[in-house]
Amino acid sequence: MYNCAIILAAGEGKRMKSSKPKVLHKICGKEMINVVIDVVKKAQIKDINVVIGKNSEKVKKATEVKNTSYSFQDKQLGTGHAVLCASDFLKNKRGIVAVFTGDSPLIKENTIKNMLDFHEAGGYGATILTSIVQNPFGYGRIIREEDEQVLKIVEHKDCLQEELQVKEINSGMYCFDIESLIESLGKIRNNNAQGEYYLTDVIEILKQEGKKIGALPIPFEETMGVNSRVQLAEAEKIMRNRINKIHMENGVTLIDHNNTYIDLDIQIGKDTIIYPGNVFQGDTVIGENCIFYPNSRIQSSVIKDNVTVENSVVLESTIGENTSVGPFAYIRPETTIGKSVKIGDFVEVKKSTIGDNTKVSHLTYIGDAEVGSKCNFGCGTVVVNYNGKNKNKTLIGNNSFIGCNTNLVSPVKVNDNTYIAAGSTITDEVPEGALAIARARQVNKKSWVYKKGLKK
């Protein structure tokens with residue numbers, strides 16, 4: 001049967017106290033609205049409409065790669081009005097429409113699939129995802145008849161005293177027969193405490209028309225909506241625990257899973273060991289048998305097999321097999337580091353290529369450079385790539401030995417099999433096989449200290 005989805009994302013989220021729309025706040029590295037869109041797509045719902053309102057352009061920009069359509073809700077008149085604004089999306093469609101909220105990012109793929117199967121198998125006009133909670137304050141209540149069939153949903157502010165005692169709550173997520181939903185939307189009224197058009201009223205309307213109403217209980221954490229920074233932190237903690245559990249089940253060792261921060265969609269190979277304090281962001285891919293000692297940040301990078309990283313930052317770069325990075329290294333965007341390379345303490349590499357088996361052991365800056373294989377950089381080497389206006393290129397050939405405290409003033413080329421003497425400032429090309437010395441000769445002035453009377 002055909003199915004589609006509407007995601008409600010027009011709410012302003014005033015309790016977030018933010019200048020950006022609520023649904024654009026991130027959970028584990030991804031905007032909440034995109035988390036919801038992605039999980040809906042994984043549940044095999046491809047036709048998705050997002051209802052947007054104030055700041056609509058920001059939401060559209062954040063979701064434009066998701067191939068969704070959009071409806072606009074100009075005034076915040078309730079969830080029923082929001083779905084009504086998507087009428088053009090539903091026009092001439094037959095089948096099932098699922099309705100989700102863009103601020104409920106914890107719903108699971110299997111739950112959505114189960115809801116669709118449950119709805120279709122039961123022949124329901126509407127199906128509600130519900131949950132049983134001990135403290136239902138603030139949630140709409142599921143009111144059932146004596147035979148346990150769903151009668152209606154009553155919003156918290158409209159509940160009678162006995163209805164307030166009900167523990168089964170509405171998650172705000174549903175699926176409907178499309179034709180039944182369209183007919184019912186025109187019948188809802190705003191005669192309630194909020195003066196809004198509730199989507200929940202559709203349930204009672206369908207019931208009165210003889211339609212069957214289904215209710216599928218799910219774990220409460222999946223129903224959690226995010227309306228404040230506190231709830232955002234709570235949702236992120238739940239999602240982070242899910243992510244970490246999946247990686248551990250797939251063969252990754254997390255020494256302290258409560259203090260390891262892995263974004264959604266990160267890939268990590270088996271037998272990798274991760275110590276606490278590490279942060280993995282963006283679309284990072286990590287190979288097998290890697291070790292991440294405490295307190296590194298890896299963002300949108302590819303880390304190949306058998307890499308060791310210690311207390312370092314790697315941004316939008318690629319690290320080859322059997323390489324070690326850190327401690328206190330800084331790998332900046334557009335860097336490619338080869339196999340069996342050593343990037344040591346207080347080394348910064350920016351927009352450069354480092355060949356296989358090269359050693360950059362400590363206190364070095366390499367920027368806008370192409371470095372060959374089997375090179376060695378002495379302590380204090382600086383690639384001087386910026387002249388105040390432009391960034392210039394440095395080329396360093398294979399098997400080059402760069403002595404300590406060397407400046408390579410770009411643009412400059414150092415050919416294969418060369419040596420550069422410590423303390424040199426290199427401004428000209430170094431021929432293959434040459435030793436370059438670019439420093440003043442040492443002068444010793446005998447007895448100078450005593451003649452000056454500095455010491456007796």
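For all residues, glycine too, the Cβ spot is worked out from N, Cα and C.
Just so it is clear, the model here is predicted, and its values are computed rather than measured.
Listed in Swiss-Prot for this protein:
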- 1-229: region 'Pyrophosphorylase' (REGION)
- 8-11, Lys22, Gln73, 78-79, Gly140, Glu155, Asn170, Asn227, Arg332, Lys350, Tyr365, Asn376: UDP-N-acetyl-alpha-D-glucosamine binding site (BINDING)
- Asp103, Asn227: Mg(2+) binding site (BINDING)
- 230-250: region 'Linker' (REGION)
- 251-456: region 'N-acetyltransferase' (REGION)
- His362: active site, proton acceptor (ACT_SITE)
- Asn385, Tyr386, Ala422, Arg439: acetyl-CoA binding site (BINDING)
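Everything Swiss-Prot records as a feature, shown here on the structure.
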residue : record                                        : DSSP (3 states)
Leu8    : UDP-N-acetyl-alpha-D-glucosamine binding site : strand
Lys22   : UDP-N-acetyl-alpha-D-glucosamine binding site : helix
Gly78   : UDP-N-acetyl-alpha-D-glucosamine binding site : coil
Asp103  : Mg(2+) binding site                           : coil
Asn170  : UDP-N-acetyl-alpha-D-glucosamine binding site : strand
Arg332  : UDP-N-acetyl-alpha-D-glucosamine binding site : coil
Tyr365  : UDP-N-acetyl-alpha-D-glucosamine binding site : strand
Tyr386  : acetyl-CoA binding site                       : strand
Ala422  : acetyl-CoA binding site                       : coil
Arg439  : acetyl-CoA binding site                       : coil
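Take the binding-site residues Asn170, Asn227, Asn385: by the count of other Cβ atoms within 10 Å of each Cβ, the lowest one is Asn227. Nonlocal intrachain contacts for the region 'Linker' (230-250), taken as residues 6+ away from its ends with a CB within less than 8 angstroms of a stretch CB, comprise 16, 25, 27-28, 105-106, 221, 224, 257, 260-264, 266, 268, 270. For the pair Arg439 (acetyl-CoA binding site) and Tyr365 (UDP-N-acetyl-alpha-D-glucosamine binding site), the C-alpha distance works out to 20 angstrom.
Residues Asn385, Tyr386, Ala422, Arg439, recorded as binding acetyl-CoA, reach a greatest CA to CA spacing of 22 Å.
Across the recorded positions listed here (Lys22, Arg332, His362, Arg439), the residue whose Cβ sits among the most other Cβ atoms within 10 Å is Lys22.
Around Leu8 (UDP-N-acetyl-alpha-D-glucosamine binding site), a 10 Å sphere centred on its CB holds 29 further CB atoms from the protein chains shown.
In space, Ala10 is the closest of the recorded positions Ala10, Asn170, His362 to Asn227 (Mg(2+) binding site), judged by Cα positions. A simple way to gauge crowding: the CB of Gly78 (UDP-N-acetyl-alpha-D-glucosamine binding site) has 22 other CB atoms within 10 angstroms, across all the protein chains here. Between the CA atoms of Asp103 (Mg(2+) binding site) and Ala422 (acetyl-CoA binding site) there is a gap of 59 Å. Asn385 (acetyl-CoA binding site) and Lys22 (UDP-N-acetyl-alpha-D-glucosamine binding site) are 43 Å apart (CA-CA, integer value). In the region 'Linker' (230-250), the DSSP tally of helix, strand and coil residues is 20 helix, 0 strand, 1 coil. All protein chains shown were included, and the count of other CB atoms within 10 Å of the CB of Ala422 (acetyl-CoA binding site) stands at 15.
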